[in-house]
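**Student:** Dumping the structure here so I can ask a few things about it.
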Amino acid sequence: MENRESANCSEPSASAAGNDVKQRCWDQREALPGEPRCVICGRYGEYICDETNDDICSVECKRILLDRIAKSQPAVPRPSPVKLPATDECYYVREGNDKSEAGSLSSDQVELLRRKLEISIRGDLVPAPILSFPSCNLPEKLLQNLEVAGFEMPTPVQMQAIPSALIGQNLLVSAETGSGKSGSFLVPIVSYCAKFNADKPHGERKPLAMVLTPTRELCIQVEEQAKLLGKGLPFKTALVVGGDAMAGQLYRIQQGISLIVGTPGRLIDLLAKHDIELDSVSILVLDEVDSMLERGFHEQVMQIFRALSQPQVLMYSATIPKDVQKMANSMVKDLTIIAVGKPNKPTGAVKQVVIWVDSKQKKQKLFDILTSKQHFKPPVVVFVSSRIGADLLSEAIGITTGIKAVSIHGEKSMKERREILKSFLVGEVLVIVATGVLGRGIDLLHVKQVIVFDMPNSIKEYVHQIGRASRLGEEGSAMAFVNEENKNLFRDLVQILKSSGAAVPRELANSRYTFGSSTNKGQKKRKYGL
Ligand code: ADP
Ligand code: MG
């Protein structure tokens, strides 16, 4: 029991109560106006109950208060606490007495927490989710940087992936677009590098971590976020992407950096031409891992992986098909698999509207949307399938609707791409027509509307593209134009729409391709040799 009036709160406890601690309720005086009142009897609340923080007048009322609480909460036998791997890298019980931290939870409670957060895990000794950043023994400056960045609480994927990564587990993580996956690998990276470099002079610092992503834009974004989180710490970054001069990138690495963020092609180029010591790289991240392990990138990624000395591997995407899971499993030992939410599904925060439009009518349909007060919700990203298509469509939008539109694709120079993206993000341009360069991972602040003008080649890419309309569960909308030309996607698209509760256009619902009857017949024929 704490005495309000004792300046240093020396806490005269009830058991050691001296004469000056009021034992009985009637020893206490009435409360004056504005004074705290005992929660039991209403007299002067001279003390604060150390167990409940309530105002109380005496030892007697404290006893009554605790009695009442005990009666209203029948005693339950506590299941045995979950055993967490001992490590000095990460601990789970926050100093102080915050009983809400996961370290003090029983295994049943941890399971319940995971169920609530829709986290499923596969692997040995997976630590409990963290409920706050300070519970993870992160450098103080990193905690401050997280606060400045507005990261008050970890997102569900961060809650589970951060403690797992901090204890060195190899991870394959799936969580919907815009759920904070980058933070869940950058926090452990910044923490590791800052601790490792704490007593190293600048010149002696070597690359300790590497993040590979499929596009230059995403690399730029990841590097920017890394810089933000590592500000003021012994942690520097280097961006290694095509389109920028290699000499500058090399110089930066030689100056002593901790993290390389790059696209596989340019990195291999750099490694082939220059001697860069990679022995110290202990963490390799494959962001958008399904794209990184697909045919286009697979060989390059493996080449880089083989050049490293068995690093911890962290792999992330919103879409992880089975074959990618197999590849990930064969790359590393003891893979921990973390899935948050429903795997391979679009974020529920984006309302999907699929519109059946003949190819010849698509442009007109787009102009109608862009000129409709009800439907146009700028800034808008329009996804198309080709570079030339992006240029032509952005021009046509300007001419026909008068709305300023720009295009972005892989044929433009890096300088142009940076400027275009900036003009869009600061609101100078309301519509951006993009190829897949903006499809994955890019956090397009303020964008709440995506129009998929040309359906991409796979339903996975569709999931990523419409994900640009939302981050952290904010509401967004996506319109997609579909016609017979996209028949190879019908079946998957209908499944996605149904599972999201979105309407399925009649033409799509009735199409024979949706039910795959022709394909099935074909398979039967082959099987029986007919
Ligand atoms: P993903 O990689 O899952 O698509 P990102 O890592 O790009 O998502 O994060 C999406 C957005 O959420 C970004 O703007 C990022 O700054 C923000 N964000 C991430 N984690 C947090 C957090 N813990 N608190 C607040 N904002 C966050
Ligand atoms: Mg991402």
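Note: Cβ is positioned from N, Cα and C throughout, glycine not excepted.
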**Student:** Quick test of your reading of TrEMBL: among 44-72, 102-130, 131-159, where does it put motif 'Q motif'?
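**Tutor:** In TrEMBL, the motif 'Q motif' feature sits at 131-159.
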**Student:** Average pLDDT across the domain 'Helicase C-terminal' (349-512)?
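**Tutor:** Computed over the domain 'Helicase C-terminal' (349-512), the mean pLDDT is 95 on the 0 to 100 scale.
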**Student:** DSSP-wise, what's the residue breakdown of the motif 'Q motif' (131-159) into helix, strand and coil?
**Tutor:** 17 helix, 0 strand, 12 coil
